Amino acid sequence: MKDTLFFNEQKPNGFPDEGLSQELMGPQFAKDGKGDTQSLDSERNAPEEGVKLKAEMTLLNGCTVIVGCIIGSGIFVSPSGVLVSTGSVNLSLVVWTICGIFTMFGAYCYAELGCMIRKSGADYAYIHVTFGPFLAFIRLWIECIIVRPCTGAIQSLTFALYILKPFFPDCQPPDEATRLLAATCLCLLCFINCYDVKWASKVQDYFTYAKVFALIIIVVTGFVQLGRGQTQYFTWDNTETDFTVIASSFYSGLFAYTGWNYLNFIIEEMKDPVRDLPRAIGISCIITLVIYVLTIVAFHTTLSPAEVLGSEAVAVTFANRMYGGLAWIIPIFVACSTFGAVNGTLLTSSRLFFAGAREGQMPQVLTMIQTKKMTPAPSVMVITFLALLYLSSSNIGMLMNYVGFATWLSIGAAVFCLPYLRWRQPKMERPLKVHLVFPIVYLILTAIITVLPMMAKPVETGIGLLMIFTAVPVYAFFIGWKNKPAFLDRYTFYVTNVLQKLFVVVAPTS
């Protein structure tokens, strides 16, 4: 069996001998003295068919994952973020539409990459195959330390805000209560994802249906308002002319579309990824674009730009204006939406940690699976813990800026893999081949929306760059340094064994 160490694929010097192995793992530990970290007790608990994640996802499941991950907190938080940077309602609608089309360009590129490199981890796997382990680790570090936990924190904070808003109609909910409820949401979904994958899948399905239904209610109301002639707010008045400020609006808009690439992270669990991945991506992105634009239109049939900018819970303000005594329904549906989005983030993020550990770039305990429930419990717990740390900041806008910068810079690097592989490996099997205009346009726009906000908000982007550069010393110490002292190898060996016993996990069957 594979030795399970921290950030190291090679068997280290000074690995524990049989005596220490017996001491750490008990008398039933393997007697070869080579330090296998899986106890015989754990193996006896494993099913006869082996411990591994199952490939059971269909096209419908794929669409549910993507739509459920995209439609979360963004559409209910970002309208004001886009509007404040564009100045006018009409330009904000243009930005929302461009963001949707921009997302589809990137999704089309990911469809080719996913069909060509059918490995869990999405852009991490693509960068690893294309440019090697160092750049892949930088991407992995950004995603695991910044993007995924930050996204989960934002979504859980929005869930808490919408749950508490009806109880505090005339003021903002207490910050402590908001963060406590957000932490409860994260912990509950962590338990569900650790306990049973089927439970997590059902949560994803049902809450996706709920969020789509809520948005349909808002859209239908918008059509009714348009039929009544409520178009007075659709103007170009006060349109922003500073391109650096307008570029900042794309961060908020693109954040609302975050999740379009999440199915690629769990591609190994799809029954037919070559057939279903492109279809699921295309169907889901089109559905989301249409729903988003119509939802923004519906908001502005009733709310003035000033009212949208003054509300942190736009959907609640809209519901109070339109539904009277039934307004409480919308906050419940919005909470369902963000609750499902948090679930999708934990579900897919755990597979990213799993993929990184499998390549030896994360602690190997994160590639292990619970013997009875067949869930990557350690990975789920780690992403939950990091998201809880981000809850210490209640400024959603600041968190969004960090996520936007790191996310789109890294995804741009992943999309660059497509033309690069066309050049370096032209004979590589490509079940789906997109026109090069898609990655070229996507890369150009990514560069624009990355560079311009750097000039407009240098402090925020500077913090983002510092977060990225922290990957370099981590890589040098844990991965680049091969001949570590024996005591360090023995310590990591011991910690891994303790965690295996604590979580009752073993390495997946090859």
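Even glycines carry a Cβ here, placed using N, Cα and C.
Worth saying up front: this structure is predicted, and the values here are computed from it rather than measured.
Taken verbatim from TrEMBL:
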type: REGION; residues: 9-45; note: region 'Disordered'
type: COMPBIAS; residues: 31-45; note: compositional bias 'Basic and acidic residues'
type: TRANSMEM; residues: 59-77; note: transmembrane segment
type: TRANSMEM; residues: 89-111; note: transmembrane segment
type: TRANSMEM; residues: 123-142; note: transmembrane segment
type: TRANSMEM; residues: 177-195; note: transmembrane segment
type: TRANSMEM; residues: 207-226; note: transmembrane segment
type: TRANSMEM; residues: 246-267; note: transmembrane segment
type: TRANSMEM; residues: 279-299; note: transmembrane segment
type: TRANSMEM; residues: 328-354; note: transmembrane segment
type: TRANSMEM; residues: 375-393; note: transmembrane segment
type: TRANSMEM; residues: 399-422; note: transmembrane segment
type: TRANSMEM; residues: 434-456; note: transmembrane segment
type: TRANSMEM; residues: 462-481; note: transmembrane segment
- Message: Which sequence-distant residues neighbour the transmembrane segment (328-354)? Criterion: at least 6 residues beyond either end, Cβ under 8 Å.
- Response: 53, 65, 68-69, 71-73, 76, 120-122, 124, 140, 143-144, 148, 151-152, 155-156, 158-159, 162-163, 165-166, 185-186, 189-190, 192-193, 200, 203-204, 206-208, 210-211, 213-214, 217-218, 259, 262-263, 265-266, 268-269, 313, 315-316, 318-319, 362, 366-367, 376, 378-380, 382-384
- Message: Cβ pairs under 8 Å only, please: of the recorded stretches 246-267, 279-299, 434-456, which one is richest in them relative to the transmembrane segment (207-226)?
- Response: 279-299
- Message: Which sequence-distant residues neighbour the transmembrane segment (375-393)? Criterion: at least 6 residues beyond either end, Cβ under 8 Å.
- Response: 53, 144-145, 148-150, 152-153, 156-157, 179, 182-183, 186-187, 189-190, 193-197, 345-346, 349-351, 353-354, 357, 365-369, 399, 499, 503, 505
- Item | Contact check, the transmembrane segment (246-267) vs the transmembrane segment (462-481), 3+ Cβ pairs under 8 Å, seq sep 6+ | no
- Counting Cβ pairs under 8 Å to the transmembrane segment (279-299), which of 89-111, 123-142, 434-456 comes out on top? 89-111
- Same-chain residues at least 6 beyond the ends of the transmembrane segment (123-142) whose Cβ lies under 8 Å from its Cβ atoms: 110, 113, 117, 261, 264, 352, 355-356, 359, 361-362, 406, 410-411, 413-414, 417, 420-421, 467-468, 470-472, 474-475, 479
